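S.K.: Below is one structure. I have some questions about it.
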Amino acid sequence: MSSSSQAAAPPQLPTLPETTRLSPGCIRILAGNPGKFTLQGTNTYLLGTGPSRLLIDTGEGKPSWLATLRRVLAEEGEGTTLAGVLLTHWHRDHVGGVADILREWPGTRVYKRRRADGEDEEQHGEGGDVAGWKALDIADGQRFCVPGASLTAVYTPGHTTDHTVFVWEEEDALFTGDNVLGHGTSVFEDLGDITELLIYSQHISRTTSRTGQQDGAIAGALQLRRDPRILKLPPYLSLLCIVVGVAWLLLLPLDEYSRRTYISENALLPGQVHTYFSGSDQNIFRAYKHEVASLAGKTNPEINDGLEPLLRGFGLKTARQNFTYHAAGHTYAGENLYAILQAPRGDATEAIVLVAAWENVRRELNRNGIPLALTLLRYFKRWSLWSKDIILLITPDSIAGPQAWVDAYHDAHNPAHVAGLPLKSGLLQGAIAIDYAQEGRFESLHVVYDGVNGQLPNLDLINSVVHIAQGQMGIGVALQEMWRHDNRYGDRLRTMLRGMLRQGLGLASGAHSAFIPYHVDAVTLRPFGQGWQDEMAMGRVIEGTFRSLNNLLEHLHQSFFFYLLMQRERFVSIGTYLPSAMLVAANFTIMAIALWVKSGQPEDAAGEKAKQKGDSSLPTVERELFRPLAIVALIHAISVVPLYLFNHLPESALTPLFTIFALLSATLPPLLSHLSSSTSSTLFSSLTTQQLHLIKSFSLLLLGTALSTLATLNFSLSIITGLLAAPLSFLTHPIKSHASPVLGVVQVVLLHAASPVTAVSVAAALSGRGLAGVLREAAVGWQVCGTYTPVVVWCVWWPAWVAGSLVLFGGKAKEKVKTT
C-alpha cells in the first residue's frame, strides 16, 4: 500500500474517494493535498477494529483531512480514538498533520525512525522535535498492536534514510510508504538500499488488503518469531545438541563410521624393505649393553663422557647441548649428546632422528634402548644406501631434553635457558624414539604417538610401523596401553577414549612429542609383554622404518594429521568426528542467543500486563550493555591470576594454593550475590535480571566460540571441556526466582559439578598422583613444552563458570526499563 508519488503525475489518474474502507480493519483517508508530486493526495491509513486505532502518516495538515479523520473516528463508534501515530518518513506531506493530531487528541504517541544523517535534529529541533513535538524512535522489528491490527516495523532506507514500512500481520499486507507507489516512479536517495526492500517485499507481502486473500504463512512466521513461548525451546535444543554430539561420538567405533587404515604415500614402500639387522650385531649389542650398565648411577656429564668416545669411534661428528628449565620449584637441567651420520648419497639437506633417552617418562633406565641405538647407528654406518643424514640423540630424560634439542635445532629456543646447537644437519623428515627399559624377550610393540597439545604425526608413519612390525616381523602392535585388543566395539571405544584423554591433556607422552609441533612426524616404540621377540627384532622394525623414511622425497603429507585411532588398523578422520565437538560447542551458542533475546523482553509489570492481555509479543526493552560487558571483561582479566600462580609457584605451595583457590571459588557465589543485591556503588551492585541475562549470554557466547575454534586444533580438549562445562548452559535463572528450595540445591550441585576446580580435584584423585603431582605436570607442560591446556581451563572455562555463579546467585532487583 503506497502513500504518495514523488514523480510527475501521469495523465488521467483514476478518481479516488475521500475515504475508502479497504478491509474491516483498514480505512484509507486521502490527505486532501492533490498535486504534481502527491497525485490524488497522500494516503493515510486508520487501522484497527476496536476503540484504539493506529494511524499511518498524517498528510500535510490540511483542515479537510483533520475533519474527515474526526468524522471517521466518530462513525466507528463512541469512544474510538487514536492509540498512536506511525510515520513512514520525514517528508512534509507525511508529518505535516502531527501538530493538529496532538492538539485534537493530546497525549497521542507519535513514532518515527531517526534519520541516519542526523537531519532530524537540524530541521526539527533537538531529539527529533518536529514543529514543537517530539517523535519516539522506531526500532527495526518493533511491534505495534491494537485490536485487529498488529504491525511490525521494518527499516527500509531508500527513499529516505529514515524510511520505515509496516507489515500488517492479520491481513498479510505491507504499507510501503513512498518506497513503492500506486502510480509512477519513486525517488530514492540510495538505490542500493532499496534492493533490500524489494527482496523483502517479494517474500513478505504477496497480496494486499484490497483482495482480502491471505495464506497466513508469513504472518504466522512473523508472529511466531516474537512469541515468548519460543524462548522455551533453546534449553531443549541445547540438550539435544549435547545428546546428539555424545551419541555421534559413541557411534564412531562401529564399522559403518570408521575406516581401515592404509598407506597413502607410495614412496614409503614398507612392503619392499628387506632388513638385515641380526647375527653378529647381537654380540655388539651385548657389548654396548655392558658399557651402558657400567654408566648407570653416574651423573649426566659422566654418562656422556662415556658414550661420546663410542660415537666418535664410528667416525661420526658429535656435539653436546646444555639446557636448564624451571617449573613448579624444580630445576630440569641436563646435557644432550648427539651425533650425525652423514649420508653417503645425500647433501645434508634432510635428516632422520633416532632418539634414545637415558630415562623414559616413567623414570626407568632405558637399559636396552641406549645399547640398541648405538648398535643400530654402527650398523647404519656400514650401508651406503642412505640419502638422508641420520642423527642419534641421547637425552638425560624424555621430556625436557628432547624439547630443548628440537627447539634449538629450529632456532626457537631461549638462549638464557637452552644452549644453541654447534652442529646441525638438514630438514628433519621424521623421528623414532626407543623406549626399551624391560629386560628379556618381549611379545608386542606399543606405539606411542600423542604429541604436545594434541598434535599427531602423519598417519602414514604409524601405518608403516604397523605394516613392518606386524606384516613382516610378526610382532603385535598395541595403542594407548590396550595390551589386549579383540577388535570389538568395547575395546575400540576404550582405545579411542584413552587417546582422546591424552590428546585433551596436551602433555608430552614421550621423547617423540617434542618433534610433532615442528611438523616432524615422530613416534615412540616400547616393547611389552613376555614373548619370543628379542632386541634384534626390535632393531629390524626400526631399520625398516628408517629405510622407508629414507625413500621419501618430501615430508609425509598425503595421509591424515587429524584422526582418532581405535585399533591399529581402524581410524576415523576429522570430517567424521568433528561434528560431535561442534554440536557440544553449539549448545552454548544457542543458549547465548536465547538469553540475548530474553534480555530484550521486560520482566516487570509491563511484560506481565502484555501476557495477561494475550499479546503474543512483548514490548521492546532497551538493553544496557556497558556493565555486563565490563563485568565479563573483568572476569576474564582476573582469570590470568590462577593461570600465572599455578604455573609459577613451587610444588610445595601448589596444594595449599589450590585448596585456598577452591574455597574462594566455593564462597565466590554468595559474595557475588551480596554484591549484586547491595545498593553500594560498585560494578556488581544492583544488577538487574536483564544485566544478569546479558552477562550469561556474553560468557556463553565466548565459551562456545572458543570451543568451536579449538575443536579444529584439539578436538579432544574441546569436547571434554564442553561436556564438563555443559551444565552452565542450563543454569540461567537465579536461585531466588525459584519457589522450590530443592531446585535451588540441584542448581548449586550442578554449578559446582561444572567447576574446573572440581574437574582438577577428581582428575588428581583418579590418577593417583595427588593434586601436587597433577599441578606439577601441568606446570612442566606449560614451562617446558608450551602446553596450552591451562589456558583453556583457567581463561576460557573458569570465567564462564564464574559468570554462571554470578547469575545463579545474583540478586533480582526491581527493574525500570524503557519500552518502545
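A Cβ is built for glycine as well, from the same backbone N, Cα and C atoms used for every other residue.
Quick paste of what TrEMBL says about this protein:
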| type | residues | note |
| --- | --- | --- |
| DOMAIN | 41-203 | domain 'Metallo-beta-lactamase' |
| REGION | 1-20 | region 'Disordered' |
| TRANSMEM | 233-254 | transmembrane segment |
| TRANSMEM | 574-597 | transmembrane segment |
| TRANSMEM | 625-645 | transmembrane segment |
| TRANSMEM | 657-677 | transmembrane segment |
| TRANSMEM | 697-730 | transmembrane segment |
| TRANSMEM | 742-767 | transmembrane segment |
| TRANSMEM | 787-809 | transmembrane segment |
S.K.: Please give the sequence-distant neighbours of the transmembrane segment (574-597): residues at least 6 beyond its ends with Cβ less than 8 Å from one of its Cβ atoms.
M.R.: 231, 234-235, 237-239, 241-242, 244-246, 248-249, 252, 257-258, 560, 562-564, 693-694, 696-698, 700-701, 703-705, 707-708, 711-712, 715, 718-719, 722-723, 725-726, 728-730, 732, 800
S.K.: For the transmembrane segment (233-254), find every same-chain residue at least 6 residues outside the stretch whose CB is under 8 Å from a CB in it, and list them.
M.R.: 489, 492-493, 496, 564, 566, 570, 572, 576-577, 579-584, 586-588, 590-591, 593-594, 719, 722-723, 726, 729-730, 732
S.K.: Count the CB pairs under 8 A between the transmembrane segment (742-767) and each of 625-645, 697-730, 787-809, then give me the winner.
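M.R.: Highest pair count goes to 787-809.
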S.K.: Using a Cβ cut-off of under 8 Å, list the residues of the same chain at least 6 residues beyond the transmembrane segment (787-809) that approach it.
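M.R.: Same-chain contacts beyond the flanks: 452-453, 504-507, 588, 631-632, 635-636, 638-640, 642-643, 646-647, 668-670, 672-673, 676, 684, 687, 692-693, 695-696, 698-700, 702-703, 706-707, 710, 717, 721, 724-725, 728, 731-735, 747-748, 751, 754-756, 759-760, 778, 781.
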S.K.: Could you give the mean pLDDT over the domain 'Metallo-beta-lactamase' (41-203), rounded to a whole number?
M.R.: 78
